[in-house]
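Over in TrEMBL, the protein carries these features:
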BINDING   Gly23, Leu24, Asp25, Asn26, Ala27, Gly28, Lys29, Thr30, Gly70, Asn128, Lys129, Gln130, Asp131  GTP binding site
BINDING   Thr30, Thr48  Mg(2+) binding site
Amino acid sequence: MGQFLPRLFRNSQQEEINVGMLGLDNAGKTTLLYTLLNNLQQQDIQPTIGFNVESLRYKQYLLKIWDVGGGKPKSRILWRHYNEDTTKAIIFVIDSSDIRRLPYAVQELNWLWWRTELSQAIVLIFLNKQDLTGGVLKQHQIVDLLDLRNASDYHEWIVQECCALTGEGVWEGLEKLMHMYEHHKMKSRWCLSKN
């Protein structure tokens, strides 16, 4: 009996989930990623050129997070080539203090909504930089601006306000994303069993 238990635990692996982390440049994607990894000791985080892949163990999951540089369209093309068809979740980061560039963020998010390869992906939208004073967008505003209620017909989504530098709202957003993933997975199994 004692010899059987180690084999049992060896075979139970964490489910690996590919997660694309996208958004415009300077939205705080890499800072958010390092906050999740508890590795924010780097005070001078440089913009991501291409993409950066990190793994995060969270509960029974191994999240493989693809931090895609927002400044270059080539980064998005590279990510699509390697990973788009296996992506189960999208984390889309918006700089909530940069109202001027919001139309570009909307355009980028719309591009993601309509990718057939991403039709089953769940979406977490982080409204980052909530610590800044002044005109930062709030959750209810972005839901209206992005017309997210209509997007519910196509994608499961959640919006979370956060500050990547302090970590405020970051873990809550990840928890909501994983809860949504588990719900989505159960719903998919139920639909398959009905057919």
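Just so you know, glycine gets a Cβ as well, placed from its N, Cα and C.
Feature map: TrEMBL annotations on the structure.
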residue : record              : Cβ neighbours (10 Å)
Gly23   : GTP binding site    : 24
Asp25   : GTP binding site    : 15
Ala27   : GTP binding site    : 26
Lys29   : GTP binding site    : 29
Thr30   : Mg(2+) binding site : 21
Lys129  : GTP binding site    : 23
Asp131  : GTP binding site    : 14
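The DSSP secondary structure for Asp131 (GTP binding site) is coil.
Reduced to three states, the DSSP call for Lys29 (GTP binding site) is helix.
Secondary structure at Gly23 (GTP binding site), taken from DSSP and collapsed to helix, strand or coil, is strand. The separation of Thr30 (Mg(2+) binding site) from Asp131 (GTP binding site), Cα to Cα, is 17 Å.
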